[in-house]
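Contents: one structure, followed by commentary.
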């Protein structure tokens, strides 16, 4: 099938993440390396529907390997959920001579790609781009490592002020369905406790842990809370609850928010993006379709997209234990 | 009077700010340079009341010039607002042989110092340490420059994701009474609009400004909002209001929070802290009291503490105009 | 004369510095604000000779306020030193309808501009852009503040390894003719000694200072050396010399090099660039020429370009003293 | 054997690396978690010989997880290479009641540990701490990830100035025997070429690659060179050679130097350090000895120390290919 692919389209979809630009660059240059054409598709599936394409050569992606965000922009597309929308998209791809797609995004984007593939037998390949690391089939999603560094740097700053005032801080980090960011950044930032969606040990245990922390002689404390934790209170209510029950603590709350999605990618994410981009294009050229390229045991591997979408990226239970020990 | 001063106490009080440690280091080493003793007083005025002192020599402050927060910690002290509390504090100082005080902090700390000075004729010198830059008698408070860099770096990250999604972001920064951070960081971060306590042009003007921004072809926008802005809505209500009135915008809100107080100080703040510490100690040794050392026209100058407390640090109106022009 | 100016050209010349892009953005947008045209001139005077111009509107400078380097690029031009070269340049400007120039650069660039102005009575305005801070008529050149932060962050890292091994490090920083970077960054980084072109106290004093540092109980030491120091040995020879004379020290040398010129500008440099750009354009529109816009006593002021070129930016002697005290 | 271990000593040895403090913290707290004592040993094996020990509890390692360098300091010890030295060390350990050792360092430190173990049957466990990533039995050494980020951030800054001036930069990074840093940071920084010890394709190929880069339209270029590359010229000679043979290039050289060893560790290194510290202590408590704890396929695993010392950490050949493709 590789002979039939003369031009690959690349798009970013869903929430942006650091490393997407490095992946775009890699896709574009791998196309050039193999002497096939490449088109950038703006604003994800919506740009496919609107025919918002741009021819891209190796020089189109100069000086973007270190930039956060995505030069191709991202958007949600309700229209792509309709057969009419996908028909338009397909017509545009055909008119532009695009034979295959590299989709950089998360679960939702991959699902959209699968539907499109089923209807039009259009070759697609996925690259996992999201800071949440919640995709099955890869140990690291693009942007996860960068987000962890962003979070620990922010909490390091909060720690300065926390320990100057002997305060207890609740810091909310991203992760609606997955505690990967909270768990890793919590250990990295030396958090006294970490609350994640995958595990709800209840309010009473939290109070106990904080009491222990206090009696152990700690003068300040940080609790890292994933957005999607299941403790039954949002992070502000949680702060109030703890302050009521432990008046010895001066409690503050900080929600790190959208800055977690941005920033210049870490070296890890840039290298990962470069590797995944090469593999995605070369896999398409080998006639493969409906796979996600990912990192497994430090090697770039393919996982069927359906599995990537259905599977669940479990947190590492060892880390929960490590967190408990090192926060003593 | 300089002969009578044999030992200087140094404390940090109020909200901590980057550069406080560099100032402590400078005070301690200037004392050593002039062969007088120095004592660190923990947790501000409260530590004075509790006699929580520590002898400090030049080696006590190794490797802290680049650390955020304050190694002497800070705290509020209700007891110091009472004559009894201040009596205890004075007794402790006398017992420890401390002859003079350097107070690193903001308005409230200086006021406390003035009261103490009046009662006991105790020599004091103030160093302005707060990120808000809201102190009269210095163009820059310790920590202001660092906080500006922290804020623009955070907004740079938010900009990545804002421009990937064509979104409008409201970013709240610190500044309850003063717009210095919002104004400078807003210009630095390329904000489309800036809302500060010193000026309330109303909601209608904001909408108009955002409309103009949209028609000028901007695909994403950032509005920087000082905590203490007077537009009549908190930043979340503001976001909702704008989204209702301008459905063409996809609005997000981010509150940067306490990370603004932390972090390794900028070179500017480290140099400023070093200069102010030297001047504070040497002014005490020259027999001066009740002054604040500050930066005026790039020179270290003394301002009577009473003036520093009563005066108001005005924002630079030129910056408002610059902001309007460069955000076109 | 302001009526005669319909189109302003802007160029960057000489060594690049962080904040140049923010200044370009400010010049371009101030032109738009006043409804006059603006052209970017590539590669400094060489681009003027080659007619390498590009029309720039407010959207041409989106998302560059935080970028290091210069989107207009910079280059040296031998041809511009000849009357023929300048003739070509003038012809190109006239053909392009450009009436006035904003030159962002250093001494050499301003001198070139003055010659050009004399020959063709062409209105010019200078913006001081160089990390060295060696220009008369401004307390801060564009990029100086950023370079200081880059240097102290690098030395902070070196300090980590220096104090882990009890080593003595000589760190060379930029500054061929001026010690501004060395002096400020040296204080900021907590250097034990600072060597600058403006002052040569000789090798013996250096050894003595290091001996004192050792006996005072310091376990590691950093000496910051300006490129242009006059001690008579380059930094590697200096390291060897000290190691020979003080075998108790394990000496290392590090030359920070070109990374000092790059990086995202600090908030200070972005705000300064914005202010200077506005003033440069508005001064041209008011009919002024042959001035440099700069920062004096925190205000934007004009200095005749000839003075800026002839004058010398002195180091602040107070800082030398502060350095001596705080490194005790 | 676990019953016999009542007190573990921990030391850092060899070149320091970011994450060593986080590992110390983890070792100390894991000891506390298991109710055994812990002693910090200063300056590596030399401190063992001198009996320079300090009892450490969980609060001894507060606020160090994010600090570069090593609070236990590091040093070379010639004396430890003699039987007499090791005898002294053993006596001191026995006197202090230390039953087992955790050695954080590289190959040389492990070899020293093995000799000591053979002579005294003293339980030891190694944690790989070096930025070079040149240790067999772990995919990542402590500090490697942080060093990569430090290097790409420095090269990003150099890129700013390189592309402003259309220059060619040779940037030397650490790695005497291994190209891991050069290869990964080279890809991450978007280098046009990468020279590593493991592969010497010769000067002619380099010139060709640079010529291709030039004709492909690139305006600036970065070549990343490992210290230990085998091309037969040092990096300055290399720059001269290329400039002679390709006068169209304006060549500059930058040696990043010791800053690569320092800095606050990345989240990756902090988490890795935490995991390795827990495993090292618990393995000793399980009666194991003479192993190195490392990361293999994202899991913490044990490798016999002898293998770790003898084996060679190969570079990933896939990365060489990725580098060739994405630099097109």
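Placement of Cβ uses the backbone N, Cα and C atoms for every residue, glycine included.
The structure displayed is predicted, hence computed values, not measured ones.
Annotated features in TrEMBL:
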ACT_SITE  D:132  active site, proton acceptor
BINDING   D:15, D:76, D:77, D:106, D:107, D:108, D:109  ATP binding site
BINDING   D:25, D:26, D:27, D:28, D:29, D:159, D:190, D:191, D:192, D:218, D:219, D:220  ADP binding site
BINDING   D:107  Mg(2+) binding site
BINDING   D:130, D:131, D:132, D:167, D:174, D:175, D:176, D:227, D:252, D:258, D:259, D:260, D:261  substrate binding site
DOMAIN    D:7-283  domain 'Phosphofructokinase'
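Each of the binding-site residues D:77, D:109, D:219 was scored by other CB atoms within 10 A of its CB, and the lowest score goes to D:219.
Counting other C-beta atoms within 10 Å of each candidate's C-beta, the recorded positions D:107, D:132, D:192 are led by D:132. Within 10 Å of the Cα of residue D:261 (substrate binding site), the following binding-site residues from the list D:15, D:25, D:106 place their own Cα: D:15. When the neighbouring Cβ atoms lying within 10 Å are counted for each of the binding-site residues (D:27, D:174), the highest count belongs to D:27. Considering other CB atoms within 10 Å as the measure, the emptiest surroundings among the binding-site residues D:252, D:261 are those of D:252. On the 0 to 100 pLDDT scale, the domain 'Phosphofructokinase' (D:7-283) averages 96 in this prediction.
Annotation: no binding-site residues among D:106, D:174, D:259 have CA atoms within 10 angstroms of the CA of residue D:29 (ADP binding site).
Here the C-alpha separation of residue D:192 (ADP binding site) and residue D:130 (substrate binding site) works out to 27 Å. Annotated ATP site D:15, D:76, D:77, D:106, D:107, D:108, D:109; additional same-chain residues within 8 Å of its Cβ mean position, judged by their own Cβ, are D:13, D:14, D:44, D:105, D:112. Counting in whole angstrom, residue D:130 (substrate binding site) lies 11 from residue D:108 (ATP binding site) by their C-alpha atoms. Among the binding-site residues listed (D:25, D:27, D:77, D:106), D:106 has its Cα nearest to the Cα of residue D:176 (substrate binding site). Taking residue D:174 (substrate binding site) as the reference point, the recorded positions whose C-alpha atoms are within 10 Å of its C-alpha, out of D:15, D:108, D:132, are D:132.
Here the candidates are the binding-site residues D:15, D:25, D:107, D:190. The one whose C-alpha lies nearest to that of residue D:259 (substrate binding site) is D:15. In sequence order, D:252, D:259 are the binding-site residues among D:27, D:252, D:259 whose C-beta falls under 8 Å from a C-beta of chain C. Cβ contacts within 10 Å of residue D:108 (ATP binding site), excluding its own Cβ and spanning all protein chains shown: 14. Here residue D:190 (ADP binding site) comes close to D:159, D:222, D:326, D:327: these same-chain residues lie at least six apart in sequence, with C-beta atoms under 8 angstroms from its C-beta.
Proximity to chain A (Cβ-Cβ distance under 8 Å) holds for none of the binding-site residues D:76, D:106, D:107, D:109, D:176. A separation of roughly 14 Å, to the nearest angstrom, links the Cα atoms of residue D:109 (ATP binding site) and residue D:132 (active site, proton acceptor). Cβ-based neighbour count (10 Å, all protein chains) for residue D:76 (ATP binding site) stands at 18.
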